[in-house]
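Chemist: Take this structure first; my questions come after.
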Amino acid sequence: MGLDSEVGTKNLAYEPMKKRKHGGFKANCFIFAMMFLDNIGFVANMASLVLYFMFVMHFDLSGSATTTTNYLGTTFLLTIVGGFISDAYMNRLNTTLLFGAIELLGYMLLIIQSHDTKLQPLPCGESTCVHGTKALLFYASISLVGLGGGGIRGAVPALGADQFDHKDPEEHKYIASFFNWFLLSITVGAVVGVTFVVYVSSNIGWDIGFIISLSCAAVGLIFVALGKPYYRVRVPGESPLIRVLEVLVVSVKNWRLEVPQSPDELYEIRDCESVSRGELIPHSNQFRLLDKAAVLPKGTNAAGKWKVCTVTQVEEVKVLTRMMPILLSTILMNTCLAQLQTLSIQQGTLMDTRIGDFDVPSASIPVIPLVFMSLLIPVYEFTFVPLLRKITAHPNGITHLQRVGVGLVLSAISMAIAGIVEVKRKHEIIHHNHKISLFWLSFHYAIFGIADMFTLVGLMEFFYTEAPVGMRSLSTSFSWLSLSIGYYLSSVLVELINLITSKLTKSKTGWLEGRDMNKSHADLFYWFLAILSVLNFAVYVWCAKWYKYKNDVSLDEEMLLKAGGRKNDQSFSASVSIVSKAEEKEEKQNGAK
């Protein structure tokens, strides 16, 4: 049903681009610099805030761990806000600058509270000692830092990937490379953060550490702003969430209607305006119930908003629905990651942290997987991918979902080893009064670092390439959403494990309760997560086999004629030809300039 009407997607276009000047890796250099600098403070906080909460804010062991995971969970959840705004209301560059300013404000409040001891709580022996005005300042500061950092990460990955034309086969293959170099930039920044900034915070002063974080984030914003003349900037389109809601509402309103046997009878716009949109999604047979939204009720002369949706709009919702099982099956891995940023850091405080005369802050131990990642990402890009490309004939070496699967397997192995290391640590300290070296933690940290390299990039590229054009920021933020839910799940699991095990153990204390890790059972908790990870991987394999990759429809003349079924095919073909020639002429003129 190729009706002409005002219904459909709002044009999702890019600002005029001079091909030689805009886009490509030249533009992305500014983004890489910005993420390198911003991640210095961001990851330093991820690694060391659990100690700030424990020693400065005086939370107990489980309180500091759950506060940290709740903070990180909220931060990554807020990437959805950044993705939503950059898809619908502001371009991705301006969204990044807005949330960057919010992050700077949060750092300022953290500096004030960490500098003035009068604004810090006194030890009270309870689970939390933060109350009143001090609590208001504390939660306001970490909320603003979380909102700013999350919003930036919701917009920046899609801004960088936008610098390549996904419809150009030559440029499309660079999208995978972009996400690899994007990961490298944030990894190198993280290395600086968990070494230099964490050392300064732990040994010189938390306020000095936060000042360094603020300064790096501010310089990063300047860098990303300086790249404005080189960016290929997407003009904001229709709200993606409203488009999804419209499909759901219309499909419910039309629940009595029969879905036609032929997909050609469903409503779709196939005219010259659709050419400018750049993408149509063909009909699929999954989730046929949603097809009711694309059925124009009999007796309806004019299609309108909230009356009927296009096939492309319905398929957008189907794509997001198909993505959800993949998203959900990666959550547990990020729950495991949360333990490396809480329990393992707390373990490090009870281990030998000296290298010669130098005392290594326990919060700096995550530098080990980060160094592994920094070395392995170029190896993966220049050696592993070309080799696999010859074997599999896949442009990226392996598919996005295969890459994610490798990460899930490695995360399970990491948790099993973490439990073994904790058993050794406790045995040595309890029976021999000997602290083992901090670098025993490097075994499971290194394996998890490799797992993260596979999974995070695989998820980002998967969500970007599979998402509809107008939802790419929102969809890319789903990879961060997996992190968010993983951190929240960690908090729930810690509380639940403590509740259940306190009733089963002779001492009537939970595995992770109290302030003394030598009396707790973090090793059993690690093994519990390893078993869950194996079961989760089995579920993921099923989800990955079930998933069908999206096939975009190129709006060339042949496809339009096949899909349209119009009587006036020749005139429609001519109009498409005119549009194509006009675009070629404009591109030549821009090149000449």
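Note that Cβ sites are derived from N, Cα and C of the backbone, with glycine treated the same way.
Okay, these came from TrEMBL:
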TRANSMEM  27-59  transmembrane segment
TRANSMEM  71-90  transmembrane segment
TRANSMEM  97-115  transmembrane segment
TRANSMEM  135-156  transmembrane segment
TRANSMEM  177-200  transmembrane segment
TRANSMEM  206-226  transmembrane segment
TRANSMEM  365-388  transmembrane segment
TRANSMEM  400-421  transmembrane segment
TRANSMEM  441-464  transmembrane segment
TRANSMEM  485-504  transmembrane segment
TRANSMEM  524-543  transmembrane segment
Chemist: Ranking 135-156, 177-200, 206-226, 365-388, 524-543 by Cβ pairs under 8 Å to the transmembrane segment (400-421), which is first?
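Modeler: Highest pair count goes to 524-543.
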Chemist: Taking pairs 6 or more apart in sequence, does the count of Cβ pairs under 8 Å between the transmembrane segment (71-90) and the transmembrane segment (485-504) hit 3 or more?
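Modeler: The transmembrane segment (485-504) and the transmembrane segment (71-90): touching, yes.
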Chemist: Residue list, the transmembrane segment (135-156) vs rest of chain: Cβ under 8 Å, 6 or more residues beyond ends.
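Modeler: Contacts of the transmembrane segment (135-156) (Cβ under 8 Å, skipping residues fewer than 6 from its ends): 31, 34-35, 38, 42, 45, 49, 57, 71-72, 74-86, 92, 95-96, 98-107, 109-110, 112-113, 119, 224, 473-474, 476-477, 480.
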Chemist: Are the transmembrane segment (97-115) and the transmembrane segment (365-388) close, by which I mean at least 3 Cβ pairs under 8 Å that are 6+ residues apart in sequence?
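Modeler: Contact criterion not met.
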Chemist: For the transmembrane segment (485-504), find every same-chain residue at least 6 residues outside the stretch whose CB is under 8 Å from a CB in it, and list them.
Modeler: 62, 65-66, 69-70, 72-73, 76-77, 331-339, 342, 510-513, 521, 525, 528
Chemist: Please indicate, using numbers and ranges, the residues of the same chain that are 6 or more beyond the transmembrane segment (206-226) and have a C-beta under 8 Å from a C-beta there.
Modeler: 30-31, 33-38, 40-42, 44-45, 48, 52, 56, 93, 96-97, 100-101, 103-104, 107-108, 110-111, 114-115, 156, 193, 196-198, 200
